[in-house]
Ligand SMILES: C[S@@+](CC[C@H](N)C(=O)[O-])C[C@H]1O[C@@H](n2cnc3c(N)ncnc32)[C@H](O)[C@@H]1O
């Protein structure tokens, strides 16, 4: 692929993503579960590392494997193939070495029929988009499990632990907002929010090729190409922008089970428009995380973190989020300048002492 080829350029993400087992481990998709709290951990499933591979536009439409191929159905010369026409052909299923190793037997698709006891909550949260939510549940329980994005034991509780929990957070998002979902994984919470709220414009930010391939196909199959796009890369890359992609900014930046609050704020606040909010889904750890990281959040330009419970009276337990307003735009701390200031400070201090 050459950099003169606009279409090809626009679909290939940065290379070097190692295939490997999913960060979503069977039985550990609770955001409060420490094993699930950091997608960076686990050498085999790291997001992209600097690999020396040329970095093209990360609005990736390309499945893993032949990552440099234009996404099927991409209009020639299209600058942003993530916005696929609904009629576009879905890409061929992606087979990544190592995917199947986790499951000696091909998983039997779980029954993801909406449990009767959750039907009322689901109707409240998804309204007339409930069928779409059911289609996504089906995708998660089939392709999501086969590709190792979600553990087979999670499949039967997709509604309770994943779809309803994420959809409840929609109440914290203003009408017509631009939402960036950092570390979407298999689409949680970003894709769920897009399903529940057709007024939103959502970008799913995810560095791992296997996950972005699934996301792109899910977006296509659910007919959400007009309102959802997929950015393959890290949050830091999305915020910085590149030659091909302007820096991304959103009114609301969401994240679930991606990192502790200090790291999350460092990655996500630069993506938030001033006055906008980071909305981080957290479990029981919310208050503890605030106590530990409020100082770091303030240094990053964030306001006082607040805890909100979402879906009260609809789901039990309600979803817990930490919200941080981006109050100030803080530039990156330059190590050299900081060291110079501190040397200058010491010299000035000595001068005053004399
Ligand atoms: C444990 S998974 C959670 C996925 C999804 N949010 C969920 O709740 O199921 C963490 C995800 O964050 C992604 N991730 C880790 N570091 C990231 C970064 N700096 N920027 C964007 N995504 C990142 C990982 O690739 C992984 O998909």
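Cβ atoms are placed via backbone N, Cα and C, with glycine included.
Look at TrEMBL and you will find 1-112 (among others) tagged as region 'Disordered'.
According to TrEMBL, the feature compositional bias 'Pro residues' maps to 83-94.
Taken from TrEMBL, the feature S-adenosyl-L-methionine binding site applies to 183, 188, 235, 236, 256. Cβ contacts within 10 Å of residue 256 (S-adenosyl-L-methionine binding site), excluding its own Cβ and spanning all protein chains shown: 28.
According to TrEMBL, the region 'Disordered' annotation covers 334-354 (among others).
Other Cβ atoms within 10 Å of the Cβ of residue 183 (S-adenosyl-L-methionine binding site) number 28 in total over all chains. Annotation note: residue 256 (S-adenosyl-L-methionine binding site) sits in a strand segment as assigned by DSSP.
Non-local neighbourhood of residue 236 (S-adenosyl-L-methionine binding site): 267, 270, each in the same chain, at least six residues away, with C-beta under 8 Å from its C-beta. Every protein chain shown contributes to the tally, and the Cβ of residue 188 (S-adenosyl-L-methionine binding site) ends up with 29 other Cβ atoms within 10 Å. Cβ neighbours of residue 235 (S-adenosyl-L-methionine binding site) (same chain, under 8 Å, six or more residues apart in sequence): 182, 183, 205, 267, 268, 271.
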